[in-house]
């Protein structure tokens, strides 16, 4: 009887590791695409784009720790729910970015300082408020395969959040 539980536990951990590893690879590919658009494609990221990158990096850390830890029963829930929560933050930021892009030109906020300057000059709470308020450069629309970049990131966050919740499910 003991060996049957050990086998089920081993299979569950392997499935968890596979799930976290796959999500980690997808997240790293998304980050690589973002950096490719910046350094190869010449697109300068706006402050909201930078925040979205940070959220993807946070997701990558959650998936990496989940992959390396291979935690028992409680771990699949902890890392799965944590990944889904981080992805939900990303959905919110990407949604805000899409909303800014949908504004008529006269309602778009004025261009603000760069993120580097804001981090150096203001307290972090003000930086977060200023970034989420958006600026003129956040309203510029760049499309890839017919979808705006924040649209792609929103889809990525939604899929990775669902994937994180899928990791939580019981093995059959």
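Even glycines carry a Cβ here, placed using N, Cα and C.
Nobody curates TrEMBL annotations by hand; they come from automatic prediction.
Looking at the stretches 33-51, 52-70, 109-127, the one that TrEMBL records under the feature transmembrane segment is 52-70. Range with TrEMBL annotation transmembrane segment, chosen from 8-30, 77-99, is 77-99. Looking up the ranges 129-148, 149-168 in TrEMBL, the one annotated as transmembrane segment turns out to be 149-168. Cβ contacts within 10 Å of residue 49 (disulfide bond), excluding its own Cβ and spanning all protein chains shown: 24. Counting residues per DSSP class in helix, strand and coil order gives 11 helix, 0 strand, 7 coil for the topological domain 'Periplasmic' (37-54).
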